[in-house]
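What follows is a set of notes on a single structure, which appears directly below.
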Amino acid sequence: MKTIVICSGGLDSVSLAHKVAAEQELSGLLSFDYGQRHRKELDFAAACARRLGVPHQIIDIREIGRRLTGSALTDEVDVPDGHYAEETMKATVVPNRNAIMLAIAFGVAAARKADAVATAVHGGDHFIYPDCRPGFIDAFQAMQDHALDGYADVALYAPFVNVSKADIVADGARHDTPFAETWSCYKGGARHCGRCGTCVERREAFHLAGVPDPTEYDDPDFWVAATGSFVAEEVK
């Protein structure tokens, strides 16, 4: 199956790219610059494409991103510290982000005669992000079936939608994902902060998967307190 992977440069999407490269025909990586403060993640997506020997395209949607105000990822709003399952993490929601990116990706896939678009949404995202949930994935596929009816048949491949980030780490390890060559931190500093929701979730995932974490964090122990009142099943 000829597949285009939406790759941010994060742990999930880079692991997905390695999975697709091993199990299917990886035809390229597609990334989006939406004005995110952690834009450095795109450098890791580019490195992934070079490593896997496939084309990489960055689509500039910063003008759209500027209209999606109020998010800590695109606006002058502080990125909150803590676990993903906390109410404060709703500050990191970029409205309709996945729907926008997937719609563009499906158009690109149809034009390139690809069979599928792969996205790395996962169970840990369900609590905060509505466009990462199984219902959204199913509805988006149904919408695209109508949108491309008679022109192209493109499948939405979301193998992680019902699994945890720890499961992704385990899968990535099986496919030799170089985890040190991925970027998660929403704050976009020189190193992973270790305190924002995605850093906490990243650190927790390695622990639960029993896989060594090669990441350098400014605060490597914060995750213990942040995850103390949660278990992985609660945020799936």
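Backbone N, Cα and C define each Cβ position, glycine as well.
From a predicted model like this one, the values you see are computed outputs, not experimental measurements.
For reference, Swiss-Prot has these:
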type: BINDING; residues: CYS7, SER8, GLY9, GLY10, LEU11, ASP12, SER13, VAL14, SER15, LEU16, ALA17; note: ATP binding site
type: BINDING; residues: CYS185, CYS193, CYS196, CYS199; note: Zn(2+) binding site
Can you tell which of the binding-site residues CYS185, CYS193, CYS196 lies nearest to SER13 (ATP binding site) in space, using Cα positions?
CYS185
Tell me the Cβ contacts of CYS199 (Zn(2+) binding site) under 8 Å, same chain only and six or more apart in sequence, or just say none.
SER184, CYS185, TYR186, HIS192, CYS193, TYR217, TRP223
For CYS7 (ATP binding site), which of the three DSSP-derived states applies: helix, strand, or coil?
coil
If you take the centroid of the Cβ atoms of CYS7, SER8, GLY9, GLY10, LEU11, ASP12, SER13, VAL14, SER15, LEU16, ALA17, the listed ATP site, which other residues of that chain have their Cβ within 8 Å of it?
VAL5, ALA45, CYS48, ALA120, THR182
Starting from the Cβ of LEU11 (ATP binding site), draw a 10 Å sphere and report how many other Cβ atoms land inside it.
26
Between ALA17 (ATP binding site) and CYS196 (Zn(2+) binding site), find the distance joining the two CA atoms and give it rounded to the nearest Å.
25
How long is the line from the C-alpha of LEU11 (ATP binding site) to the C-alpha of CYS196 (Zn(2+) binding site), rounded to the nearest angstrom?
15
Alpha-carbon spacing, CYS7 (ATP binding site) to CYS196 (Zn(2+) binding site), which is rounded to whole Å:
21
Near SER15 (ATP binding site), how many other Cβ atoms are within 10 Å of its Cβ?
26
